[in-house]
């Protein structure tokens, strides 16, 4: 059993539509635990830094503006194979292609307003977690 951490964002469109609780319930139903969470309003510098790998791409400025458009929830999830399991729960980036029952199929408005972000690898998860959380802000919980 490989317990790992992953990083997740509930994006501005989902926060605005009061979907935080619904998304958290879906995460917890998978057996993953939320071990750190906070609400933020990203600055331009934070959004640009977080999405630096996309700098220079045609959608970069729009993505940064969207992520600054309202509060976001950032959280650390922990569980067995958390990166893969959370990506499966999220569904494909394009909600029209996302599996029925996935977060994006159920909650996303469009490819741009797709409600959630999740790390795509354990390495990305570690980098993204460290971008928003100090180690002492993460509170592992014993498994039941």
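Here the Cβ of each residue, glycine as well, is placed from N, Cα and C on the backbone.
Owing to the predicted nature of the structure, the values given are computational and were not obtained by experimental measurement.
Taken verbatim from Swiss-Prot:
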type	residues	note
BINDING	11, 59, 87, 93, 104, 114	ATP binding site
ACT_SITE	117	active site, pros-phosphohistidine intermediate
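Overlay of Swiss-Prot annotations on the structure.
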residue: 11; record: ATP binding site; DSSP (3 states): coil
residue: 59; record: ATP binding site; DSSP (3 states): coil
residue: 87; record: ATP binding site; DSSP (3 states): helix
residue: 93; record: ATP binding site; DSSP (3 states): coil
residue: 104; record: ATP binding site; DSSP (3 states): helix
residue: 114; record: ATP binding site; DSSP (3 states): coil
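Between the CA atoms of residue 117 (active site, pros-phosphohistidine intermediate) and residue 93 (ATP binding site) there is a gap of 9 Å, rounded to the nearest whole number.
Within the same chain, residues at least six positions away from residue 114 (ATP binding site) with a Cβ under 8 Å of its Cβ are 11, 13, 93, 94, 95, 104, 108. Around residue 59 (ATP binding site), a 10 Å sphere centred on its CB holds 12 further CB atoms from the protein chains shown.
Taking the Cβ of residue 87 (ATP binding site) as centre and 10 Å as the limit, one finds 16 other Cβ atoms among all the protein chains shown.
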